[in-house]
Structure formats: C-alpha cells, structure tokens
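Written below as structure tokens is the structure these notes are about.
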C-alpha cells in the first residue's frame, strides 16, 4: 500500500529575492499530490559561522543549487514520509557531510527543510504554526520594527545597522502594529521636513536612511516620533549594532561616530545611551567572538535584552558557550544560518530551557513567503524581526500575523511582557 505522506518529488527553481538577487525555491510533493515550497532568504550582514550558500558566477545565479535539489536531494528523499522532519533533515546533513553545509549549500538545504515542513502541515490540513506548536496555544510575538537603517543596510555614515521600535504595552497585536505604523509615518514626516523628501525612500528592510552621521541623531528622531504620536511609555526603542561590521581587528577598536573605541569604551557608550533613551533591546553590541563583553554589558543593563545574532548564528555549539558565560538574555533565530528546521528546533529548545528570549528574524534579502511569521508563532517566539511596515516581502509577514490573530484569537505577547 502506498503511503500518501511519502515524498514523490523534490524540485528546485531559481527565483529572485527582494534585492533582485537569485535565490532558490524548493518544492516538495507527496504521493497524494500535496505540494508546498520553501524559499532560501539571504543576509547582507552575515556571521562568519553561518551555513555557506551555493552560488555561481560571482553570486549571480543559483543554478548549481537547483541542480543539487533536482539530482541529489530528490532521489535521496524519495519515499520518505514528509512528516518525519528529523529524518529528512538528517539525510540532508549526512549527504552534505560538512560542518558549514558547503557541499549541498545552506540555501538548498534550508529551502528543502522548510518545504518539507510546509508540505507536511498541508497534508495534515493544519496551519503551519499549529503543526509546529502542537497542542500548545501560542501567543503572537512582539514585533521589532527596523525603521532607520545604517551600517551595511544603508548608504549613510551611521555605523549602527538597525534602529528599532518595540510596541509592547498593548492588548492586541493589531493595536501594537498600527501604533508602530503611526510612529513610522511620523518619522517619515520628520525626515522629509528636515532632510528633504528624497530621504524618505526606503532601504532593503523598509526603513529610512536619512543622511545622519551619529547614533544619537537617529535615536533623537525616533524618540521624537514616538512622543509626537503619543506612545511614550508604550513603544520602546532598540538597536542592532552589528558591531562586527565596524570592528577593526588589527587595532582591536570599534570605529563609530568618528571615534575609535576599545571594548570598555564602547560598553560605556551603550550604558550612556540606555540612560538617555528608553532602550530595551540591544543586538550584537560587540564583535562576534566577544562572549565576555556581551555578558558584562548584559549584567550592567539588567532591564535590557542584550541579544546575540552573529554571536550564535542559530548554532547550538555557540549557544552553549553563551549560556555558560551568561552572555545574553536573548537569541536571534534565523533558520538559514544553521541550515535545517530540526537544528533550529534544537537551538530554540535549549534557549527556552535556559530562560533566554527568542527573537525570530527575517533576512535583508527576503521573498514574499510568510513562513517566518508562522514559524515565529509556532515556536512561541517572544519577538519577531521582519523589517519596517513597508515593502511587500516585509508586510506579507505582518499581514499573516494579523490574519492569525483575527482567525484564531491568539493573545498578544506584549500584553504579558514585563520589562
């Protein structure tokens, strides 16, 4: 008897992401004709420990990744029960046999892994988030909206990569999200008034990139926008420093705001900012090997969620170091950093067992697929980072969260969040 859940076909397709760069979409189909897909996102600012993408012609195509899906992965997964996520991912890991997924490509592997999960949920007639959550009733995560861009995400002189708002003190996700949109619109007006309408064009993640030079200029703009919109004490602030990108390893200094700072001076810089602004979230404040400095900052900023992205790259090996050193209260969750859904589950489960907040994140190169929104709800992520409330590949995720809240009546995580 044929198992209707058995994988009948795996097929790769070259598509483009939100930056116009090629990426891979993988389709997984069962014997019963049920099919879904997974897209591989791509980051601009990457940790050195991330899974390696397979690309060709200086990154201009992913033809080899498509061939790998069609001629290596397809026969390897033929006949496997699509509900067996762990088995599927282990087969992919074993065939690849490298620590950084460089043989099959992290992009090929994660697209296949996502496609299998989505196909399994579809075959069972379940929403993706319900399939992941099981019997648990999850909450809608708090959004972290990146509304001013700097660093590798912008063409200005700001070194901090993302300036973020967090709408926390609201009863529903819808209330929180639309309040954040008011702040975003207010910010757009301020930028247009002060710097000209040309600077209200948006960057890769939907945020603005005004001609700013120093960190406090960006923070002042956002703080003013929050107050003008009437949400002081309800909407808070955060930053993703992506500090590895402005760290000079030869000098062992951080080049920021026209100064060269040693790690201790940079720590004091962050402490001063936390006194001046309602900053409750700080991601990658030091370069990616500075577990001790992360921990020192977290210890001194107890009410701020210091979070590791490049520090951990969704890899359990590095999370264990961070747990031992008490480096952070938060972790970024990016499935494509490690390469499979199963490894991502291992990472999030370990973080949860150690009372570490989960921050599920998009990448700067995204597609219109809203998988990451469902994934964030399913794992009961505390937060979700998926850009500003602009650009279709960002708003598709927010619209999915609005739909889930409306259809299933899930509670908003911010309602119960205490700083």
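Glycine is no exception: its Cβ is also placed from the backbone N, Cα and C atoms.
Taken residue by residue with DSSP, residue 205 (active site, proton donor) is part of neither helix nor strand, so it is coil. Taken from Swiss-Prot, the feature active site, proton donor applies to 205, supported by sequence analysis.
When other Cβ atoms within 10 Å of the Cβ of residue 334 (active site, proton acceptor) are tallied across all protein chains shown, the result is 27. Annotation comment: Swiss-Prot describes 334 as active site, proton acceptor, evidence class sequence analysis.
Residues or ranges marked as (2R)-2-phosphoglycerate binding site by Swiss-Prot: 161, 334, 363, 364, 385.
Look at residue 283 (Mg(2+) binding site): DSSP puts it in a strand. Remark: residue 283 (Mg(2+) binding site) has 162, 238, 239, 240, 241, 242, 306, 307, 308, 309, 330, 332, 359 as non-local neighbours, by Cβ distance under 8 Å and separation of at least 6 in sequence. According to Swiss-Prot, the feature Mg(2+) binding site maps to 240, 283, 309, an assignment based on sequence analysis.
Comparing the binding-site residues 363, 385 by how many other C-beta atoms lie within 10 angstroms of each C-beta, the top residue is 385. When the Cα of residue 205 (active site, proton donor) is compared against those of the recorded positions 161, 334, 363, 364, 385, the shortest separation belongs to 364. Within 8 Å of the centroid of the Cβ atoms of 240, 283, 309, where the record puts Mg(2+), the same chain has further Cβ atoms from 161, 162, 241, 242, 284, 307, 308, 310, 332, 359. Residue pairs drawn from 161, 334, 363, 364, 385, the listed (2R)-2-phosphoglycerate binders, are separated by up to 17 Å at the Cα level.
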